[in-house]
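**Q** For reference, the structure I am asking about is given below.
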Amino acid sequence: MSSQARTQTRAGFKAGVKDYRLTYYTPEYTPKETDILAAFRMTPQPGVPPEECAAAVAAESSTGTWTTVWTDGLTSLDRYKGRSYGFEPVPGEENQYICYVAYPLDLFEEGSVTNMLTSIVGNVFGFKALRALRLEDLRIPVGYSKTFQGPPHGITVERDKLNKYGRALLGCTIKPKLGLSAKNYGRAVYECLRGGLDFTKDDENVNSQPFMRWRDRFLYVMDAIKKSQAETGEIKGHYLNATAPTTEEMIKRAEFAAELDAPIIMHDYITAGFTSNTTLARWCRDNGPLLHIHRAMHAVIDRQKNHGIHFRVLAKTLRMSGGDHLHSGTVVGKLEGDRAGTLGFVDLMRDDHIEQDRSRGIFFTQDWASMPGVMPVASGGIHIWHMPALVDIFGDDSCLQFGGGTLGHPWGNAPGAVANRVALEACVQARNEGRNLAREGNEIIREAARFSPELAAACEVWKEIKFEFETIDTI
């Protein structure tokens, strides 16, 4: 380099390290309608000022690095940088804050959940200045959400495909989840569907193991579906898990399911990844099957209150990536989930416009710009005594999935399915008559059991089963 060039470089660039807050903490900034907004729960290391920590979050999740670099002068940092535009202490928590960051839309590739998450949460969570960090919520602007296809079909189209209206859908996960042969698996599916369920389901870890290869399972299951449809006159389905080691193999399995006229297939969206999920969602829209999404591995990411990503963010990103169903917890079953928080992200899955409501953990107003909704699936440790609460909490646009609560019936799978269908229809009728499900739920179930021996037997088996543990992740 010539001496003249060195002189010019020294004149325009000063090497060294400067505080993040000098560039990335901008409390005077007013977010734009086109900005992606993020709310982080931030716990600084002792001695680190919260404004410096907030600025570091904005910097490390956008354009910043640990030192000043001369290439900063080759672009417009003011245009592309993330901005921490405020923070507030978390009530009842010591040295913990909600930090708000605005990201300009140009930082993100259109239609890519993978790129968006890589930018916002890909690196900053390991930053030493932070003791813990959790992404609580995102506001996706209309201009960005319109670059996503979203769910392949959505709730309204699903109801039309199934010709089922005015009640929640009923499902069941086949148990034991592993170890059945394909033929016995198909037999279990048939018994559940003929008893009155709308769907049965592969468990999340049923892929293509030595005891039951995927092709054999698909064939026996479709046999069961067609037989049960012929007997009941209702449209039935089974969530055929197309999750596979490679995207190419996943599409191969999906195509085989479509050749068999399978109405719905399934994907494990977190373990398989967002790129894989978006690929399958687009394929489903083009080829017809509904897409059921399982959230296997979510609790590794979302269960800790102080560090990770809240499930409401994972639910939003799934709606963008694509899925017609998504497991959402139950509130009353065996899995983690408080009522207010669960209802908050259920609305974010289903509704077109959701107002800010901090009491339900919703930090930002979200407008989905007519993107189709995702049907929440309540699953995990539920049985007929939970039915009134489930109908009250989730309403009609949901799928209530009873695994052990169907297959554990003392008379077998079909009577277990009958018990669930009778309980559901009794609760829907009572609600439509104006009765209070929360207060009269047990009485409604007992009244229905007088006319259904299958339901009466189920009431006796599960009368003492409760899952009363304190929720770890509360608002």
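A Cβ is built for glycine as well, from the same backbone N, Cα and C atoms used for every other residue.
Quantities reported herein were computed from a predicted structural model and do not represent experimental measurements.
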**Q** Looking at the substrate binding annotation from Swiss-Prot, with ASN123, THR173, LYS177, HIS327, SER379 already listed, which candidate in ARG295, ARG303, ARG350, ARG358 is the matching residue?
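**A** Answer per Swiss-Prot: ARG295.
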**Q** Of LYS175, LYS201, ARG295, the recorded positions given in the record, which has the fewest other CB atoms within 10 A of its CB?
**A** LYS175
**Q** State the count of C-beta atoms found within 10 angstroms of the C-beta of THR173 (substrate binding site), not counting that atom itself.
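**A** Result for THR173 (substrate binding site): 24 neighbouring Cβ atoms inside 10 Å.
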**Q** DSSP secondary structure for ASN123 (substrate binding site), reduced to helix/strand/coil, please.
**A** coil
**Q** CB neighbours of ASP203 (Mg(2+) binding site) within 10 A?
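**A** Within a 10 Å radius of the Cβ of ASP203 (Mg(2+) binding site) lie 18 other Cβ atoms.
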**Q** LYS201 (Mg(2+) binding site) to SER379 (substrate binding site): how many Å between their Cα atoms?
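**A** Per the Cα atoms, LYS201 (Mg(2+) binding site) and SER379 (substrate binding site) stand 11 Å apart.
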**Q** Which residues, in sequence order, are found in the same chain with Cβ within 8 Å of the centroid defined by the Cβ atoms of LYS201, ASP203, GLU204 at the Mg(2+) site, excluding those residues themselves?
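**A** Sorted by sequence, the hits are THR173, ILE174, LYS177, ASP202, ASN205, VAL206, TYR239, ASN241, MET266, HIS294.
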**Q** Please compare the binding-site residues ASN123, SER379 by how many other CB atoms fall within 10 Å of each one's CB, and tell me which has the fewest.
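**A** If we count Cβ atoms within 10 Å for the binding-site residues ASN123, SER379, the smallest count is at ASN123.
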